[in-house]
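S.K.: This structure is in structure tokens; I'll ask about it shortly.
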């Protein structure tokens, strides 16, 4: 198994409902380590930059509006096969299709208000981590 890093967002809907601690508990219980974390409130320019791959798509304006609607928690997770393990812990994007016991099955309100985001590949993880964290803010443990 390979030690790798992934990127995670606790979205505005989950932050507003005070789910940060519960989600962190699940992350750590799954054997992943949080090696960087901070709370940010994205502005329109930051949201556009982070979600640039979706620019021009029908859902892009609503996605930006949601992701700038309140603070988010961004974090870097590390562990064996962290990307796949965190994606399994999150559950499917559509909470109605997410397996019981996953974060989205338990906390998501809808497809958009689905509580969390996680990188889907090593390339995405590297890009997303670098967007929010200089290497000096990451503390492997």
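FYI, residue positions are counted from 1 along the chain as it appears here.
Using the three backbone atoms N, Cα and C, a Cβ is placed for every residue, glycine included.
The annotation active site, pros-phosphohistidine intermediate is assigned in Swiss-Prot to 117. What Swiss-Prot lists as ATP binding site is 11, 59, 87, 93, 104, 114, and the listing cites sequence analysis.
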S.K.: What is the Cβ neighbour count of residue 93 (ATP binding site) at a 10 Å cut-off, with all protein chains included?
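M.R.: So the Cβ neighbour count for residue 93 (ATP binding site) comes to 13.
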S.K.: Should any of the binding-site residues 11, 59, 87, 93 have a Cα within 10 Å of the Cα of residue 117 (active site, pros-phosphohistidine intermediate), which are they?
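M.R.: Cα filter at 10 Å returns 11, 87, 93.
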S.K.: When DSSP states are folded down to helix, strand and coil, where does residue 87 (ATP binding site) land?
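M.R.: Its secondary structure by DSSP: helix.
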S.K.: In three-state terms from DSSP, label the residue listed as 'active site, pros-phosphohistidine intermediate' for me.
M.R.: strand
S.K.: Per the record, ATP is bound by 11, 59, 87, 93, 104, 114: how many Å separate the farthest pair of Cα atoms?
M.R.: 22
S.K.: For the recorded positions 11, 87, 104, 117, which one has the sparsest Cβ surroundings, going by other Cβ atoms within 10 Å?
M.R.: 87
S.K.: Below 8 Å Cβ to Cβ and six or more residues apart, same chain only. Which residues does that give for residue 59 (ATP binding site)?
M.R.: 112
S.K.: Taking only same-chain residues 6+ apart in sequence, whose CB is under 8 Å from that of residue 114 (ATP binding site), what do you get?
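M.R.: Long-range Cβ contacts: 11, 13, 93, 94, 95, 104, 108.
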